[in-house]
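*Asks:* The annotation divalent metal cation 1 binding site is assigned in TrEMBL to F:His63, F:Asp100, F:His211. The annotation divalent metal cation 2 binding site is assigned in TrEMBL to F:His64, F:Glu215.
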There are 6 protein chains.
Amino acid sequence: MNIFECEKFLNSILEPWNFNDFCHNGIQIEGKEEVKKIACGVSFNEDFIDKAIDYNADMLLVHHGIFGKNFFNLSGFMKKRVEKVIKNDLTLIGYHLPLDAHSGYGNNISILNSLKLKNAKRFEVGFLGEYDSKMDFEEFLNKVEILFEGQKLLVYKNNPHVKNVAIVSGEGSDFLNKLDDDIDTFITGDVKEYTRNIAKERCINFINAGHYATETFGVKNLSKLLSDKFDVEFKFLDIYNEI
Amino acid sequence: MNIFECEKFLNSILEPWNFNDFCHNGIQIEGKEEVKKIACGVSFNEDFIDKAIDYNADMLLVHHGIFGKNFFNLSGFMKKRVEKVIKNDLTLIGYHLPLDAHSGYGNNISILNSLKLKNAKRFEVGFLGEYDSKMDFEEFLNKVEILFEGQKLLVYKNNPHVKNVAIVSGEGSDFLNKLDDDIDTFITGDVKEYTRNIAKERCINFINAGHYATETFGVKNLSKLLSDKFDVEFKFLDIYNEI
Amino acid sequence: MNIFECEKFLNSILEPWNFNDFCHNGIQIEGKEEVKKIACGVSFNEDFIDKAIDYNADMLLVHHGIFGKNFFNLSGFMKKRVEKVIKNDLTLIGYHLPLDAHSGYGNNISILNSLKLKNAKRFEVGFLGEYDSKMDFEEFLNKVEILFEGQKLLVYKNNPHVKNVAIVSGEGSDFLNKLDDDIDTFITGDVKEYTRNIAKERCINFINAGHYATETFGVKNLSKLLSDKFDVEFKFLDIYNEI
Amino acid sequence: MNIFECEKFLNSILEPWNFNDFCHNGIQIEGKEEVKKIACGVSFNEDFIDKAIDYNADMLLVHHGIFGKNFFNLSGFMKKRVEKVIKNDLTLIGYHLPLDAHSGYGNNISILNSLKLKNAKRFEVGFLGEYDSKMDFEEFLNKVEILFEGQKLLVYKNNPHVKNVAIVSGEGSDFLNKLDDDIDTFITGDVKEYTRNIAKERCINFINAGHYATETFGVKNLSKLLSDKFDVEFKFLDIYNEI
Amino acid sequence: MNIFECEKFLNSILEPWNFNDFCHNGIQIEGKEEVKKIACGVSFNEDFIDKAIDYNADMLLVHHGIFGKNFFNLSGFMKKRVEKVIKNDLTLIGYHLPLDAHSGYGNNISILNSLKLKNAKRFEVGFLGEYDSKMDFEEFLNKVEILFEGQKLLVYKNNPHVKNVAIVSGEGSDFLNKLDDDIDTFITGDVKEYTRNIAKERCINFINAGHYATETFGVKNLSKLLSDKFDVEFKFLDIYNEI
Amino acid sequence: MNIFECEKFLNSILEPWNFNDFCHNGIQIEGKEEVKKIACGVSFNEDFIDKAIDYNADMLLVHHGIFGKNFFNLSGFMKKRVEKVIKNDLTLIGYHLPLDAHSGYGNNISILNSLKLKNAKRFEVGFLGEYDSKMDFEEFLNKVEILFEGQKLLVYKNNPHVKNVAIVSGEGSDFLNKLDDDIDTFITGDVKEYTRNIAKERCINFINAGHYATETFGVKNLSKLLSDKFDVEFKFLDIYNEI
């Protein structure tokens, strides 16, 4: 697989030009042009790079690449990360918000589908979904626990039933204030000090399923897609993070 | 105690005009002028207001009052909070960043002093402090556990010793990137997905002691100060929050 | 009438999301949900609130509600206004620019229709209109005096005839500079020191019919509309203002 | 008098670099270098220019010159004004906020001194002053009427006494909200629809003495100063404006 | 020709409202309404104005009129330029970016057509064009030398062939970074210190044909157009500039 | 020499925190910590890097490092430059505006001193200097030609004498408009299309001595300084550029 064809293909699907993001979506570090093996993961860090080198990857496909708009200054830990990428001729390619929000391959739609929610409707970079009828909160929570097996969930129960659910992967807790009154349950990947009381006063069930845990779906989906279309293999490298 | 005298007095100490904050520091809701009892707490929410009314408080003194710069729109849960304040003729007074940063009564200096750190030096809204000689990390952690009794600490150990410590109460994890290389240990009140790996790659010990737990000190100090100076009593209303 | 249904209905007509305004359009203070009596008026102030309470109103419908985007700080005269609203469980609902500009219920279209002008064309938040043929300025002024009975008009006559008229209710005098050359007459609700000489040099008749006087139409129209659709009565409370 | 020396001299007094103004302070149109006669006035408009030409002026010294920061576009009425200036080789020099605010020659200090107020203290571009003891409002109003003879004052009496007075020449009514609670009386040069009720609810006497009328002092003072220092005569050209 | 009809006509063609420019496009100084002779040129400066007066022009039609958004301040050399325009009752009309970018009368399309390039495609304010097959660079350069006869070209040859060419008149060298990889040759009107090495490293032929020289086409085209439509004659006044 | 000590030392001299620059001043790419040989030059490009590698340099000290504030995106020619730096473990250190402006080691002060101008006074990032008495322009030009030997100067003579000179290295031609009237001669490193006529109308001699040629002084001075203080040798690598 050629890295520029790969980027063109992914851009045509994810349409990053529609997003006001915190990073460049697409190739962030250009390596050798031909790719045989993709290491995919949630976040670009030294542990991930080391594992990718062990796997003999040519390309790193991540959700969290290099963030921020600054003057060029390659120093400290970031220098070491980039150095390893360049000295191993790797390509770093990242997709952030477009991969949260995508209606086919994104993190949120994947969670929504796994929970058998229907009538998906875009909400911020996430989705709203609903059940045909009210479900007991405990039954719903059980489904969530199965999906995020091994993750310690933080749960604020404020409503005995679940019917209309909002899902925003990663750092989405601030969207609690923007939920319409008909939403009874909100799954996201972080929590703030004020979340508990707002959720309680708004009578909305809140589940923090983890920033990392809610964002493993998209990169796997993209890698699978690439391996189906191009002559390339891939592996999800799980540098698990409880946060 | 007169509410305007109280505000004038606290402003003279905390000098809020030096801060670029997310809320108005000082009186946020004007209630009856004369105050006999102050309910102090970390955050302004319905549970806190209810407890304050039970205590027969006239004034609510908090760290997290009402945040944000928006067009006037008193609705939903915020309407209910403000309604309870107004219908009970309470005054809401809040001090945020000036109370994190104050060198005498602030959250961070209180933590620093409790840990017997020395040579306090302002760092963002927090402080840097140091020990005369290196301490084993386990010994230091024990001190922190005693100070934040009951709080489940999140700990990333990346250095066997502790000598130079940075402390930023509340949501301070992003300052990890701004720490000078001589800092070996960082205590703050939140954590992000990327914190663990940056701390590891920078070899800095990281302790998340909780947003709420790191910010109980300042409001207590201010209330004590007011009760010493004016004819007023106070009570810290602990609406404990693990976050 | 339910306040949320009322807001939804008015929003669907006035489409406030199309305006870059100085206040939140819609419910500004949420009161009790069910409304039997609406007090409508131009401006939200203590005299208006007192009259509304005398009238036993449940909702205040105004053109000038609470303006400005600031950190929350309820003090002084604004505290007293909001306190009266909240302690009487009133709802404050306001529509500003959308009510100047609306082509059916707005302030400007109402003035235009009353003066029998035709071919209404949107201009800023006001309207342009024209007569089939030139009218003597004195004849036109007479129509204006009848419409704004009791209001002391400030008049700069710079053209003997009237055919193409621009109308901008409220503080619109600055739009004098933006008028096309074919406009011969401008009615608005304020005047600046430089208005007289620009009008003279541009040969445009200028009439200041008062900020208050030009903005009584819209709130009356809306209230009438609500009383037709919902089971609610209303009264226009005239806190007349010569300005 | 040389126009560049004149500008340098006035700049050294008024220090326009300390102001964030709406126009360039100083020479706005450069004419012939040598000046014998100065026409001074409040506002730059065609009537004023015509009178100045009749007076054989070489320089126009005004408070309101040409305002606004735009791409160069000399058209319509402004083209005609500038054309008359250039074809008659006149210099246009203007000082705006620095001339309101100056503690020796400014509009506001002149009003304050005429009313025998003491302890002048800068407030925005105006001044605060006080009397040794309370004066009846009617006695004070009488002084104001004498000073602004011929001007129809708009008066909102909300306090029987006058002791602490704020004065802001020109369009200063919005500063009503910024007055400290100890101010009982406010003189300015315009009024807004909401002024009356805020003044009433804050119990502050309000007098609108006219934008033009409150700003005739500064340009006269400057012209006098120039005629004392340089070999130049001057005349105040009164294009009276009730606004 | 009436100046306002002229402006209306040119605006309808050039649609300046679609551009975010550095000057007002259209009439910049209004002169006498009726025009018999147009002096057209690249830049508005004293030499050009003098030649235009010699030619008895009524209107100056330029590419570079008066630039910048500032407070009104007519002094120094700009005062002298404007004074000459006004004292001779001339009209100054300027079109900048819309005249670079226009697909019929613009500077860039004219260069593209003269070089017999095809498939013109808008690129910034310039155009991309291509040949059916590769041409030797020397052959292409010869065409460019003939078109810009007398102009000393600065040439960086980095590719033996020419097929896909980008053309941006005037100060366009910074767009080198934005060229797609399939462009082999770039003609523009300036050069920066870093241009040479970027062109070399990107293997793109670069030709600086001069700011002035690349921008003579548009104003001639517009003048011809006006003389065809209206009863007006014109002359291109060549104040040649090697830059 | 240690790279961090080097940066600390240079920062203490150049104080980059006082400048609002277009790049990070200091280490832009961290290489191996110990430096024996410094390659200094004006601009960071592939030719320069290749020469530096030939020289066995450990550090690249340049005036033009990597500019711009963008999301991280290492691709195309910039990727190749950075790759060579990283694969050779080089450090890239750059100082831009602070090195133009420095009163001891900067580009402009060096030119000023070489021309024996006196009374150096900071002007933008350059300097003003003067001779005791007027010098013939030709004599002055001769001095400039000797200093910039081999550089084709672009000269606009508009004044027979030289006494007060402004010098701004690099792209400084736009400062022509900001020169006070007493400056008779301006040396800078670029020229714009409009420069010639403004210089002529303002009667100011203008010399474009080249962007590259005017900026070779500072990096040599810094390298000399480092070699005096630390155990390190250096070489100026001249990738001459006529621009």
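We number each residue from 1, going along the chain as drawn.
The backbone N, Cα and C atoms fix where each Cβ goes, glycine too.
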*Asks:* Which residues, sitting 6 or more apart from F:Asp100 (divalent metal cation 1 binding site) on the same chain, put a CB under 8 Å from its CB?
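*Replies:* Residues satisfying the criterion: F:Gly106, F:Asn107, F:Asn108, F:Val125, F:Gly126, F:Val168, F:Ser169, F:Gly170, F:Glu215, F:Gly218.
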*Asks:* Reduced to three states, what secondary structure does DSSP give F:His64 (divalent metal cation 2 binding site)?
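*Replies:* Its secondary structure by DSSP: strand.
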*Asks:* Please list, in sequence order, the residues in the chain of F:His64 (divalent metal cation 2 binding site) that are at least six apart in sequence and whose C-beta is under 8 Å away from its C-beta.
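*Replies:* In sequence order, the residues whose Cβ lies under 8 Å from that of F:His64 (divalent metal cation 2 binding site) (at least 6 apart) are F:Val42, F:Ser43, F:Phe44, F:Gly94, F:His96, F:Glu215.
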*Asks:* Long-range same-chain neighbours of F:His63 (divalent metal cation 1 binding site), Cβ under 8 Å, sequence gap at least 6?
*Replies:* F:Gly41, F:Val42, F:Ser43, F:Gly94, F:Tyr95, F:His96, F:Leu99, F:Asn107, F:Glu215, F:Gly218, F:Val219
*Asks:* For the binding-site residues F:His211, F:Glu215, which Cβ has the most other Cβ atoms within 10 Å, all shown protein chains included?
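*Replies:* When each Cβ's neighbours within 10 Å are tallied, F:Glu215 tops the list.
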*Asks:* Note the Cβ centroid of F:His63, F:Asp100, F:His211, the recorded divalent metal cation 1 site, then list each other residue of that chain whose Cβ lies within 8 Å of it, in sequence.
*Replies:* F:Val42, F:His64, F:His96, F:Leu99, F:Asn107, F:Ser169, F:Gly170, F:Gly189, F:Thr214, F:Glu215, F:Gly218
*Asks:* Among the binding-site residues F:His63, F:His64, F:Asp100, F:His211, state which ones have a Cβ less than 8 Å from a Cβ of chain E, giving them in sequence order; state 'none' otherwise.
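*Replies:* Correct list, in sequence order: F:His64, F:His211.
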